[in-house]
Amino acid sequence: ACYCRIPACFAGERRYGTCFYLGRVWAFCC
C-alpha cells in the first residue's frame, strides 16, 4: 500500500513523489 505522509516516509518505505493535500506537500511513500 502507498501513503501520503508528513514530513517524510517511514523506515523501509520509498518515496516516489509528492502529494498535495489540504494545501500542503506530502511525501508519497510505498
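Cβ atoms here come from the backbone N, Cα and C positions, even for glycine.
Taken verbatim from Swiss-Prot:
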- Cys2-Cys30: disulfide bond (DISULFID)
- Cys4-Cys19: disulfide bond (DISULFID)
- Cys9-Cys29: disulfide bond (DISULFID)
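There are 11 other Cβ atoms within 10 Å of the Cβ belonging to Cys30 (disulfide bond). Across the disulfide-bonded residues listed here (Cys19, Cys29), the residue whose Cβ sits among the most other Cβ atoms within 10 Å is Cys29. Neighbour density at the Cβ, taken as the number of other Cβ atoms within 10 Å, is lowest among the disulfide-bonded residues Cys2, Cys4, Cys9 for Cys2.
If you take the Cα of Cys9 (disulfide bond) and the Cα of Cys30 (disulfide bond), they are about 8 angstrom apart, rounded to a whole number.
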